[in-house]
Amino acid sequence: MFEIKNLLNIDLDNQVFIKPDYLNHPCISGNKYRKLKYNILEAKRLNKKVLLTFGGAYSNHIQAVAATGKEFGFKTIGVIRGEELADKIQENPTLSFAKQQGMEFQFVSREAYREKTTDSFINNLKNLFGNFYLIPEGGTNNFAVKGCEEILTETDKTFDFICCPVGTGGTISGLINSSFPEQKILGFPALKGDFLQEEISKFANNSNWELILEYHFGGYAKINTELISFINMFNERYSIPLDPIYTGKMMFGIFDLIKQGYFPKGSKILAIHTGGLQGIEGMNKTLIRKKLPIIN
Ligand SMILES: *Cc1c(COP(=O)(O)O)cnc(C)c1O
């Protein structure tokens, strides 16, 4: 647990702490490790030998499934959005890492990828790859939520607010389920999405939560120079790296809310650092191409 001291150089009446949940495993980062834990046990129980999942070019989830498969002795298949990536594996740090871990790819067009949850799409995959254990895009299912219920521990009871980034909603659902009733869970969606409220309600069994919708920076993986300078300032000052897709946006949001006086005086705030640092390299390649400042 790290305390963020000298917040913004102003004497504020809130205390902010970071739980570095990305240090839980050397190469399966943060919440993706939590989300896979019980899925792996279930796949073993069902005697499956192959894990199949879905993701985009720089997906933390693809990275994590590839590394988990290698570690626990599963063959892994990644269904990847974007046919054009098939001959760009070497230039893409996420995909080349996944390949090194033994992942086999099936590249599909964006149109086909949208159909990935339909029976006909899944049956096609079964014809191609045989019997597999399917993990949804982003990894969220009941097993994933159960894993994320283990992020908070008894000692976290002292916090008034618990903050986390939100992608598909599995992580925040786990936090909600294991929180104490007097705590409030704030989710910072990394994308524009009206579906999240409903998705989280499917898994969460408490109502002590809220989504803060103002810090997606235009959508999933969209960033700007203000966010990059914030991430660089944060790392310089606190020696904690943030990723541009999830944790950077959340922490930017927390600081902004503090400045606005959102939190009552004396609040203790816990930010969950969910990992995602593997995505920095890929993002920097894009930033260099666009001649924009990079993440240090
Ligand atoms: C995937 C991811 C999230 C979002 O988790 P969900 O359970 O999909 O909401 C947050 N942070 C990081 C670093 C991630 O990789």
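Heads up, the Cβ atoms here are built off N, Cα and C, so glycines get one too.
These figures come from a predicted structure and were not determined experimentally.
Looking at the domain 'Tryptophan synthase beta chain-like PALP' (12-275) alone, the prediction's average pLDDT is 95. Positions annotated as domain 'Tryptophan synthase beta chain-like PALP' by TrEMBL: 12-275.
Secondary structure at Lys32 (N6-(pyridoxal phosphate)lysine), as computed by DSSP, is helix. Long-range C-beta contacts of Lys32 (N6-(pyridoxal phosphate)lysine), restricted to its own chain and to partners at least six residues apart, with a cutoff below 8 Å, comprise Asn60, His61, Gln63, Ala64, Val65, Gly139, Gly275. Per TrEMBL, the feature N6-(pyridoxal phosphate)lysine maps to Lys32.
Feature annotation from TrEMBL assigns active site, nucleophile to Ser59. With a cut-off of 8 Å between CB atoms and residues at least 6 apart in sequence, the same chain places Thr94 near Ser59 (active site, nucleophile), listed in sequence order.
According to DSSP, Ser59 (active site, nucleophile) is assigned to coil rather than to any helix or strand.
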